[in-house]
Amino acid sequence: MASKTKASEALKVVARCRPLSRKEEAAGHEQILTMDVKLGQVTLRNPRAAPGELPKTFTFDAVYDASSKQADLYDETVRPLIDSVLQGFNGTVFAYGQTGTGKTYTMQGTWVEPELRGVIPNAFEHIFTHISRSQNQQYLVRASYLEIYQEEIRDLLSKEPGKRLELKENPETGVYIKDLSSFVTKNVKEIEHVMNLGNQARAVGSTHMNEVSSRSHAIFVITVECSERGSDGQDHIRVGKLNLVDLAGSERQNKAGPNAAGGPATQPTAGGGSGSGSASGSASSGERPKEASKINLSLSALGNVIAALAGNRSTHIPYRDSKLTRLLQDSLGGNAKTIMVATLGPASHSYDESLSTLRFANRAKNIKNKPRVNEDPKDTLLREFQEEIARLKAQLEKKGMLGKRPRRKSSRRKKAVSAPAGYPEGSVIEAWVAEEEDDNNNNHHPPQPILEAALEKNMENYLQDQKERLEEEKAAIQDDRSLVSEEKQKLLEEKEKMLEDLRREQQATELLAAKYKAMESKLLIGGRNIMDHTNEQQKMLELKRQEIAEQKRREREMQQEMLLRDEETMELRGTYSSLQQEVEVKTKKLKKLYAKLQAVKAEIQDQHEEYIRVRQDLEEAQNEQTRELKLKYLIIENFIPPEEKNKIMNRLFLDCEEEQWRFQPLVPAGVNNSQMKKRPTSAVGYKRPISQYARVAMAMGSHPRYRAENIMFLELDVSPPAIFEMEFSHDQEQDPRVLHMERLMRLDSFLERPSTTKVRKSRSWCQSPQRMPPPSTAHASMTSVPLHPATVVDHD
């Protein structure tokens, strides 16, 4: 077993180059990358270089050319990391590179072909094979799958994959995702099913450079908990966490813009390949520039973190600049062992992107992590499972569903065992039991399923016997004529109650046993049902494979060291046989130093050009965001009233954990919303809301029209009104002024009638009789209103 802690460990970086595609070969692009597998060097040639410019060389822990196999990468680079995770370390594997360089192929590969399987399916097989070969250890394996799409965290295993999750931080456990679903898996088939479900919901799309391009960063998390009894007799739990990261590729819109076809995005099929479908959040080609902007921003934040960690001069590490860097905080400079796979494109048109990837990977080599074993953490799910299983087992033993295991001889035989408590006296159970010679040796256990099946069968027989016995007692009670009918009925009811209690207890016991079996099946215990000979052979093959990989690594390191020493030896050699030899040696050394000087100058120039490109990309993203902000300000100023805007601004607050502005709830948390709302002030004491003017008018005792009436209680006056017929047929021949004066005179005569004239008036029950205005007032008010020649109705 490896040591529990190390002072520091460098981040392991490997480079992998894909072959030229048919499209690139048809376009006439040449190969500009050269991979030296033995020395671990990558040589990049500039297709636009001036005559005499030397190619750039980068050295990594390992390199894999276009002819490399998936198994070579996994066995030599990833397998030691998975072994460390099984021992309780945190581990991370992530692929970085330009879009279309084979990141998803490296991480996932082709699931249906064993030779083309990537890192993730090989890791599944490795983990469960190790568990099956282990001895005296209990394992619990759970898996989670998430993606970061446009800086939003989504759970790919949730029923609502588009729902946004929150990123939280705990001082003890570090960064975690709230409400992230996790599934306990028992074998390779189950964890592959979980992976395929997540792939169906992942956002992918088609671009010019890749038909199935990942539009989000995906992280598959495997947590392995192991319980093992220590020398002190106590169970110790180790927790290893493996992050398998498939990053979206960095891209430029002039090269990797959306396909001409546009249309919906595609999704991986259940087999891990690619198919067609509707990807979440990627419904049209118009989303591609926005997706690319978010991808490049998060990768730029990742580059800033790596640059700050590699420089050893920065006191602040900008982990909070992106969701991706916060989730990978432990993997970059923290408690984890990390492997970075830099994927490269060999074509000449990808020179700038390949150079950027190589520089990024070269900086990452200088990051130092501090991995340690996560032993006996507080929040382990395995410990909760063990405690719950022990509690259920105790209840089942108390109810008599589980038999105790006798320990005498080391032979297994079929024998009769006494029935547990609750069975009739003298009943026995035939079951397979294991007898051991040594009471302290518990390696050989009885076949538990056979024993439990026998116990359940006898429990059913016992229940049937009890039913028959109760039926016989009921029949005996009914035939007994010495008992009074009331006593018979009472005894029969007691027997029925006993039978019903027995049935309920049986159902509860069966539910308890089912829960116990379900929880126990989730715990994986190695060393069962495996042939020892085959097991030993597989272990020996793995050890040999690891020794070969370790030997290759040492050979590569020794060759790199020999090259450095040759240069030092050449510089230290100072004795020459003649002046001519000294001139030749120093001329050669001068040319070599001059070439190095030119390479450094070219590197500085490339760095300056790269800086200009990055700045232009950032300025373009900033201008795009500024345009969106101006558009939103324009909408707010023209369509939202100032008072509504102030209400919104007053509700805003900054969420420090998410670093985003949020709205405060309209109703404060903790307030009981079930209480009835108060009646508005304008309607207190009235049947309906009344304006302030109407209330003042009512208080002053003026016109009763301001009174609050209920029309349902209004008494109607059904008496017909007085009707007077007036002749206006000759008015058309007269002068209009004369006609108007005649009308006024008729109105005066009508108003000045004596009170004895019978005229019926109708008024509301709430109206009081009002004094009619004098004739002069009536004249003044009616002079400007011409009367239509029609029937006049007097309503007062």
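We count from 1, first residue shown onward.
Just so it is clear, glycine is given a Cβ too, placed from its N, Cα and C backbone atoms.
If you look up Swiss-Prot, you'll see 10-367 marked as domain 'Kinesin motor'. Per Swiss-Prot, the feature ATP binding site maps to G97, Q98, T99, G100, T101, G102, K103, T104. Residues or ranges marked as region 'Disordered' in Swiss-Prot: 252-292, 397-422, 758-796. Summarising the annotation, Swiss-Prot assigns compositional bias 'Low complexity' to 256-269. Marked as coiled coil by Swiss-Prot on the basis of sequence analysis: 378-632. Taken from Swiss-Prot, the feature compositional bias 'Basic residues' covers 401-416. For 633-793, the entry in Swiss-Prot reads region 'Globular'.
Overlay of Swiss-Prot annotations on the structure.
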residue	record	Cβ neighbours (10 Å)
G97	ATP binding site	29
Q98	ATP binding site	24
T99	ATP binding site	24
G100	ATP binding site	26
T101	ATP binding site	27
G102	ATP binding site	23
K103	ATP binding site	26
T104	ATP binding site	28
